[in-house]
């Protein structure tokens, strides 16, 4: 019994650690909506993600699909399409000085099969940075609500082109799918932006974290050669991002 | 020569009258970006939309593709990805009390092939209405910045289900592709919302305008029967929406 | 036990009330075929739609996917791909004078994952109307077998364009995805048409029913403003379409 | 000049010899409609398919896109969505005793980008055969109007499964994308069927013609081995299908 | 109990007999990866493919989805992405003198949702033939490692075009989705090729086997007419391919 | 005239510098094939990429589409589907010790619209590295022909997972779309691999080059903060990758 419960906890943790979810080429809906099932409620034993099950054999196995299983459409209600408090400023007291608040299929279960999500980004004054990263499954359109952001994206090899712009409130910018981009607060006040992404789960790959902070770490010889860095610097960086 | 110029003007007008453009199932990009070509600039004779041409035979013919032609990628620059002034409140002094400001492939040419666009919506106090409409090619995610909106969408036949919610600043709601929805300002201050849609050209079909205001008008006998209205009311409505 | 059975009934009802199902951008099949599972047979306790389970814990939960679950391909047979009696005239004695007989994934389970369906439409003489409606997930191609139909569709805002044609037996017409259209029998005999739609579940939104007949009803203030109708007329219409 | 005209003729011929055109995974439309351009009219020098051009350098070059170029949407009218006379019986006096009349993007130019087409099939009495063939880009749904058809399709390797059925008027059957199928008139009257296919250009590969009738012919040694036929029979068959 | 086990065996057999699996228009992944579940391990009672279950009611039912169910991502490891021994020459002592070794979702479970697979093909010297066949769900790119291959593909009707080439080591050729093609070893040494196909399950339809070897057999009258063969030859061929 | 020629040269250079081109969600073909037009031949003035025009007005303008324009299908021949010499070992005398030889739409023009390409990769002995990179538009399946490669990929945030394996000849591994991966020759002989990617233009983003070698360079303050490196190291790296 304990083992079964642990498995549930593990399954839930997986969902929680996928903060951004959606794709530029997500499949289209095949019905009006398909509200995702993604939690256990009320202590009741709900079958998370289509597991099957069963019982005095103490057999247990979880299955997943590409995307999410859906809730019985008869049971859908307005709360399934709703999320609140995106107007509340977020705390940006962290080393990079920014906080991303995603509203995707994990927050609004209805977004399942709808190929879209939304994020709020808060940037600390004087250098709050949403560091170089990319979304493997979505293009992003960003609008600045407050502050002054220096934004960029870099095209793919070989003729690497760096496109950059300073944005003020009311300015809009587009970051294409799969290309590395960042936003940097160059003003002396906090900054806030909203962004739409065309996937229910865009994914996010923060370059520094993925390169230097994976677990287990990437072989330092590879990074030494790829980045032409001294091996001591590589191992120092790996210790910081762990 | 005159004829040629008139044709250009006509072509440009077509673009201007398609204010929202993008789709939930837009094709994916086949290169890093494909900045749309959509205007004539500087009095220069630029070949809008891949037309071909011309000359002392005074030959002229315009062609279009599904979507847009692209600009030479070498000539792309940050301005192609940028739009400004979405922070400026819009005038809502019109019969329905709302104004939609779309930022799509027509405003940010780079959005071509990226399956996403953004809109700002302003609502007048006491009843500003973004009237019942639907987007044939996109799902919409809306976030309220100011005011109090009563929102809804209606599912498809036969078991017609009406899902409704009151939204306050910071609240987020999703309207699925192809379903009829509206937002209604039930507060005594103006309201403002931003919305992302997963198409470069979502399209918009405002039910009342399309049903009663098409040109030429729909046969009144059809509307009399479909809406079970007195024929005089139908012709009266057609005169108002013309 | 009772509760369990009721849930089954409810689940089945949901399927039944989605008479048209398919999409212009349905995913492609990933195997030769994927016959949908969509019914309980012979009083046997069959696990409808991948539900799991069961038993002395009286546990029960239904899950759905985007589309349908499939039958074991070893058990597929010709009946799964077959539907009969589309040649039988349908009764059109109803207020609008038309009857739609859909053959989609609910009737031919094999159509699951195949992005296509077929309908027969019967129209009463002198004014049988398939009233203004649209399909959120399919384009339609219609061929007239008997009678004379006046057909139309209306393009999206703002430059609303109404395209119309009178069709006789053997005539073919196309109605694009998401645009509002109707067919009206202007002859003095019954009319019959067949139509193909490129989705396993196109969906259908009949404008008058959705606007005036939703449950709960749309706020009459919204309709009064959107349609510029007297509020009494709105509440009268809502009472008729309930 | 002569050379230029010949090239035009060739380009037109290509279109004409692709009788069926559409696909189960055609891209979605990015605007309300995109009427295909596929002809020269009025003796005028119209630039078919986006060619570019010309002049006193006598330069000429034709280009094509994936699919079709579109007509200026301002110039679209009801005729672009229309085709007539599908009710007229076709002549089936040919060796196989059947005639296929396709209504696809070549006949209704509007079908461009709409992923659907329609065919009428006439079968001679006593053995009219629509011989074993497949559509590389579409699934087909067929409804019988007159007569009695024996239909089948065969699944892919290795566990080859043959699914067959006798159809009478009003019966409907589905043939999945890419699988080989045929219809055979086993009645003593003519038969007629209509079929919808989910592509603007499904393509058709008639097995016997492609295997034995290609130009230049397939190496007879290959066919001898593949079909385990005597080489004399292979060369005899190749002479008949030439 | 016996019956239950038999069903499991049958389900497993189905998977095994689909040696090639993937599609040119497979849906995109909605998460980083979705490792397919496709086996029972360790004698443990694992719920293959989301079946549900069971028990003292002796209830049993299998369900499938379009594609495959996924494994819990937490349990994925490098072995899920790995296959070995593609360098080992295969035995080509069979009537057609060739052996295809597919590496698809059945061999590398991770390939689920990734729209790609790989095959090794070995050809016997002096006439080893990969006989005329097509893939209903994939385009193929082939590279020759050893030997000399004569390759071809045939376009669709009506203007049947046969495109052919002799390939030597290091040569690359492309065979488009749904078109019939073959490779024939015209050298006096064995030949080896690798090929990539853009589907997790391309499918394969070997023309001779499907036409003459289906079970039950196709009606000989149909084949006699379609191939213009003597009926005795047809029944002789059917006996050989059975 | 000079200016015109320069523009042609520039256009050609763009193509040349996009060595890998194709996508996991490329659109499907809408005809049997669509051979790309991508070069000028024989000194003849051919209109590359659908440009239009020219003449005594010295007018010139280039247009592009999403993907490529196609050649007249009548003019396609076997050479359009063919590429040779992939068996020749490549020189790996460069700082990272590896060379990638792509065979994509730029080399085999026929691959246009077919969503697939192939690469050969040569690795120097003792540490040849195909450095950390990702493909924004394709999943990759790799097979080792010679040598011993240590390969890995890293999943997206936040729960960053590093999946690694040592591969020997005949081993196969899959790298998913958009995830960072590398291959490192840990043997004392050269290594060779072939890989298939499911796009006509996968794109490649080499992390170190894009981060430190873009032109103009990324603001060093951003990199200092993102990578937590001393600013001197950042500017040193930028000088090396320029």
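Any Cβ shown, glycine's included, is placed from N, Cα and C.
TrEMBL labels come from automatic prediction, so no person has curated them.
Residues annotated as signal peptide in TrEMBL: A:1-24.
The disulfide bond annotation in TrEMBL covers A:34-A:70.
According to TrEMBL, the transmembrane segment annotation covers A:46-65.
If you look up TrEMBL, you'll see A:84-235 marked as domain 'Cupin type-1'.
Of all Cβ atoms in the shown protein chains, 25 besides its own fall within 10 Å of the Cβ of residue A:140 (oxalate binding site). DSSP assigns residue A:140 (oxalate binding site) to a strand in the three-state reduction. As annotated by TrEMBL, oxalate binding site applies to A:130, A:135, A:140.
In the three-state DSSP assignment, the secondary structure recorded for residue A:181 (Mn(2+) binding site) is strand. Proximity of residue A:181 (Mn(2+) binding site) to non-local residues of its own chain (separation of 6 or more, Cβ distance below 8 Å) is seen for A:132, A:133, A:134, A:140, A:151, A:152, A:153, A:154, A:175, given in sequence order. Annotation source TrEMBL lists Mn(2+) binding site at A:133, A:135, A:140, A:181.
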For A:133, A:135, listed as binding-site residues, tell me which one has the smallest number of other Cβ atoms within 10 Å.
A:133
For residue A:135 (oxalate binding site): DSSP state (helix, strand, coil):
coil
Let me check the 10 A CB neighbour count of residue A:130 (oxalate binding site). How many other CB atoms are there?
28
May I ask you to pick out the binding-site residues among A:130, A:140, A:181 with a CB closer than 8 angstroms to chain F's CB atoms, ordered by sequence, or 'none' if no residue qualifies?
none
Same chain, not part of A:130, A:135, A:140: whose C-beta falls within 8 angstroms of the C-beta centre of the oxalate site? Give them in sequence order.
A:119, A:133, A:134, A:138, A:142, A:175, A:181, A:195, A:197, A:202, A:204
Additional residues surrounding Mn(2+), by Cβ distance to the A:133, A:135, A:140, A:181 centre under 8 Å:
A:134, A:138, A:153, A:175, A:179, A:180, A:202, A:204
